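Per Swiss-Prot, compositional bias 'Pro residues' is recorded for 600-624. Summarising the annotation, Swiss-Prot assigns domain 'Rab-GAP TBC' to 310-520 and lists sequence analysis as the type of evidence. Feature annotation from Swiss-Prot assigns phosphoserine to Ser602, Ser604, Ser608. The phosphothreonine annotation in Swiss-Prot covers Thr615. Swiss-Prot lists 57-85, 596-645 with the feature region 'Disordered'. Sequence annotations record features per position, and here Swiss-Prot assigns region 'Required for interaction with OPTN' to 217-309 based on similarity to another entry. Annotated site 'Arginine finger' per Swiss-Prot: Arg377, in sequence order, evidence recorded as similarity to another entry. Among the features that Swiss-Prot reports, site 'Glutamine finger' is placed at Gln418, with the record citing similarity to another entry.
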Amino acid sequence: MEGSSYRVVFEKGGVYLHTSARKHQDPDSLIAGVIRVVEKDSDVFLHWAPVEEAGDPTQILFKKDPSRGEPSTSEEEPTFDPGYEPDWAVISTVRPQPHLAEPRKGAEPSSSRSSWAFSVSLGELKSIRRSKPGLSWAYLVLVTQAGGSLPALHFHRGGTRALLRVLSRYLLLASSPQDSRLYLVFPQDPSALSDSFHHLQLFDQDSSNVVSRFLQDPYSTTFSSFSRVTNFFRGALQPHPEGASSPNLPPLPDDEPEPGFEVISCVELGQRPTVERAPPVTEEEWNRYVGPEGRLQNVPELKNRIFSGGLSPGLRREAWKFLLGYLSWESSAEEHKAHVRKKTDEYFRMKLQWKSVSAEQERRNSLLHGYRSLIERDVSRTDRTNKFYEGPENPGLSLLHDILLTYCMYHFDLGYVQGMSDLLSPILFVVQNEVDAFWCFCGFMELVHGNFEESQETMKRQLGQLLLLLRVLDQPLCDFLDSQDSGSLCFCFRWLLIWFKREFPFPDVLRLWEVLWTGLPGPNLHLLVACAILDMERDTLMLSGFGSNEILKHINELTMKLSVEDVLTRAEALYRQLTACPELPHNVQEILGLAQPEEPSSPSPPVSPMPLSPTRAPLPPPLPEEVIPQPDSSLEILPEDEDGA
């Protein structure tokens, strides 16, 4: 690569390979490197090379060798785990600046680390898989046309969005209709693109016509081909003037909806009602609902009182067992005692399962060993400012550890996923009993276990429902977020994942959760809580002219500054405002629990994020460019591009 034929168009440091999930404490399992996009002659290459301790990147480029095959993450490298996602590590931001020398073709590897270096032509890429949004560093996995996977690239200092933006100059990246985190790679060639779409059967209509429309107006065509939308959303679907390359493209008639659309008329909401919260339920008031034999009476009224005012702190230890399904509302006091004895025996039988596993057995059980390691790391960082958990030898930490490992025995398919310790901590703090806390936690997980499933379908559905509610409540706010590439509401991901655990002070979390557990006034009050927070910050977001980076930063800075009573009051007011609308769309009624889902008349293509294109390229959820992940944040900030794009 000499002279003018070689040009680096993108370069990013802090891109690591995680070579062994099981040996995460070994520094050699994390290989720091630099990722580059390089133009050479008429081709474009993606290079990754490790950075040696001296600060110089290893000078080696991977050259595809048909006799050796593509680099793989399967049998050739049994300890490599492309899905390994480290937890919320706090690391130094002071790093030596590597010397970014030009890669030299054919250089010999200088160490074992240099053997991981690779180079691949962009034309050889088949797909790019992006990590799910969560509480860890983002990574990308690239798959070649030959079917092999390159080592996963973990961006410890952010940059996935910037890299994808650069790749979109040379490739068309379309989100798979089966998996929104998988980007299918197509060449910048209309005939090849048409062929690819035809074989994938992504469109009901003639693929050549769709590709023509896609190249002329990618923003609108993407939505019209992949999504069920409404004329309610049309303001958000119009491309920017500079985004369409053909000014003569005929507009779609308003009265002729395209196939696959669900047309719903825009509705006018009435005035938002005034709502006042009630005082908490006291122990004296609770006792008035206790009838003969210790059975609770008039349970719907009692639940409504809890929804309206919450519970006094001294009552939570007993009441939470009912709210979380550990104790039955209809059972007598004697039946409760028998139930607790039965559940206590069941708990300790499950606990004995992992307690009796020897160290040698655990070494041969990588799944259990992985769960234990992850739990130990998470427990050591959970609510350590709370006196119940502070200190290195605090018994509360041991209880957290034991309950979470026992839950792995109870629900082995799900096991342990980062974030679960955040859900258990307040429960254990309140009930202060190992067995009771376990079964209450199981009840909570029955409500939210879908949030932690690998497919992330539940989280994607909830974000879609949140977006629909927000469009009905505040279309201008949605238009503003769309204009700032924040319309996916990815900054709300952590809110929904762990039910606002990190957004409110600890006592407010207790109040919020007990209100949500009542199931009133409908099944998705937590979505209205998210709408309420956005509604409270509406003017700040819009009038300040925030861009996408500032929006993410502002949302992160709301942590511990919100008032739970104000948020709950506004969420209930939003619910009443929506339910008072006589023409509320049916899909919104479903979210609020006012209507049953309709049986689909014909299969519809799943909602999918729009493909990337050179003219207008909305990218996956924004992540940071230079900000190190912090323990209390799953969001990253991406600085503005130097070219102002």
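Including glycine, each Cβ sits where the backbone N, Cα and C put it.
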Nearest-integer angstrom distance between the alpha carbons (Cα) of Gln418 (site 'Glutamine finger') and Arg377 (site 'Arginine finger'): 10
Three-state secondary structure, Arg377 (site 'Arginine finger') (per DSSP): helix
Per DSSP, three-state class assigned to Gln418 (site 'Glutamine finger'): coil
Neighbour tally for Gln418 (site 'Glutamine finger'), based on other Cβ positions within 10 Å of its Cβ: 21
Mean of pLDDT values spanning the domain 'Rab-GAP TBC' (310-520): 95
